[in-house]
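**Student:** Structure provided below as structure tokens; questions to follow.
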Amino acid sequence: MVRMRRKRLWASCICFAAFFFLLVTLQVITELGNSENKAPAVSSLHSGPLKPDERHASQLKKNELYSNFRTEPDTDHYPILLWWSPLTGETGRSGQCGEDVCFFTINKTYQHSQMTRAFLFYGTDFSIDSLPLPRKDHHDWALFHEESPKNNYKLFHEPAITLFNHTATFSRHSHLPLTTQYLESIEVLRSLRHMIPVQMKNSLRKRLAPLVYVQSDCNAPSDRDSYVRELMCHIEVDSYGECLHNRDLPQHLRNPSAMDDGNFYKILAQYKFILAFENAICEDYITEKLWRPLMLGVVPVYFGSPSIIDWLPSNKSAILVSSFSHPRELARYIKTLDQNDQEYEAYLEWKLKGDISNPRLLTAMKERKWGVQDVTQDNYIDTFECMVCNRVWENIRREEKGWLPQRWSAQVNHLNCPKPEAFWFSSSNPSQSSLQEMWIASFEQSKKEAWALRQLVERNRNFTTQEFWMLVFKQ
């Protein structure tokens, strides 16, 4: 009996000790959790230090842990930046931008929150169907639009673009320029990894044309297909895409996703010249169509941004279509280079020497705050969000000091694309002529839409699509 009592006593002691240990542990965990959620107050908003919340593959694990502490309750402490276009897909995330913290979300229920300070729009998805109106004095509008006007023409007119306070576009004049969005680094331009010697290219010329064209977005506003069609009358061109198609790619390379495939690069690198024609003619709108041939060691024959000379690695690294009065003259020049190795290689000298002499390009790449396919850097959407966040906080601090807010506004040169023009020789092709009439008509129509949008937004109340179109066609 005594032994049984002793056993019960020992069991009771052990249970009590275990309970006491668990109680203390729970209290410690609770205190740690409370300390994680504390942040110093600045007026009604908080700007204390916060672990970076970056969307990079190398930091996913850290972000998962971080998100446990910074979720929707932050809307009571940090300014809200609401993506009106659901570009990021994030329902709620607190992001660190230097010393500032903002809450980013696509949840439109925050539209009327007193903490909402900015609305972010993606240009391609920008629609008049639903806008965050009425717009309060402290509501900034920010536009992210890296695409050509083909995606949303109305934004490229002064009445529409100047509705925004902050911009990230392909223009060098934008608040966050995305001009080099398709250029990974200066190093890829210098690299000789894909380059094929001219002697081998001469040998390959027995079965290849001197020029290659790869486009599947046909009948673009730039009228590029009309030019290439006329060029084909004067020189041989291998066309692998759906536009003016005359040569097949291997089956596994016919999908658009294969455009960055190493085997696709090998095919293009065999050519001496690549037709690098943009789908629209806009200042600073430069895509992979230029950077790809420069990377591969092929001479680009470029048609696009009128200011392209400002972005080329050297003064003699590309042939500019604008320098020739007719495709016939361009064909004659390319034939001359094709038959003269020394003159041809003059366009590749910069690459062979690794000598990029354009200070504007070097400076732009050095000062760029975002990376392309680089997990060690923020992407341009992160950088855009933080630019707006920092500016929002700048005005919060100015308000606390009793100062007037800083006013930012977009300018017409933040998206500068002139009216589309057809090549004069394209009139011989009826379908192409009617196509250009469509793009020109679209441009003229978009001017009316931009004006109508401005009128309705300045009323500062919601409007219907019927009201919008009545105003458009009233002009």
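Each residue, glycine too, has its Cβ placed from N, Cα and C.
From Swiss-Prot, here are the annotated features:
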- C386-C389: disulfide bond (DISULFID)
- N107: N-linked glycosylation site (CARBOHYD)
- N165: N-linked glycosylation site (CARBOHYD)
- N315: N-linked glycosylation site (CARBOHYD)
- N462: N-linked glycosylation site (CARBOHYD)
- 1-8: topological domain 'Cytoplasmic' (TOPO_DOM)
- 30-475: topological domain 'Lumenal' (TOPO_DOM)
- 9-29: transmembrane segment (TRANSMEM)
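Are these features on the surface or tucked inside, and what are their neighbours?
**Tutor:** Close to C386 (disulfide bond) in the fold, though at least 6 residues off in sequence, lie G95, C97, G98, D100, D378, each with a CB less than 8 Å from its CB.
In three-state terms derived from DSSP, N107 (N-linked glycosylation site) belongs to neither a helical nor a strand segment and is classed as coil. Neighbour count (other Cβ atoms within 10 Å of the Cβ, all protein chains): 16 for N107 (N-linked glycosylation site).
Residues within less than 8 Å, Cβ to Cβ, of N165 (N-linked glycosylation site) and separated from it by at least 6 positions along the same chain comprise A118, D140, W141, A142, R391, R407, W408, S409, A410.
The Cβ of N315 (N-linked glycosylation site) has 10 neighbouring Cβ atoms from other residues within 10 Å, across all protein chains displayed.
N462 (N-linked glycosylation site) falls within neither a helix nor a strand when secondary structure is assigned with DSSP, and so counts as coil.
Looking only at the topological domain 'Cytoplasmic' (1-8), the predicted model's pLDDT averages out at 43.
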**Student:** Helix, strand or coil by DSSP: which one applies to N165 (N-linked glycosylation site)?
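**Tutor:** In the DSSP reduction, N165 (N-linked glycosylation site) maps to coil.
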**Student:** Using Cβ atoms only, which residues of the same chain lie under 8 Å from N462 (N-linked glycosylation site) while being at least 6 residues apart in sequence?
**Tutor:** L131, L133, P134
**Student:** In sequence order, which residues at least six apart in the same chain have a CB under 8 Å from the CB of C389 (disulfide bond)?
**Tutor:** P79, L81, G95, C97, D100, V101, C102
**Student:** Using the alpha carbons only, what distance in Å do you get between N315 (N-linked glycosylation site) and N107 (N-linked glycosylation site) once rounded?
**Tutor:** 49
**Student:** Please report the DSSP secondary structure of N315 (N-linked glycosylation site), reduced to three states.
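**Tutor:** Where N315 (N-linked glycosylation site) sits, the three-state DSSP reduction gives coil.
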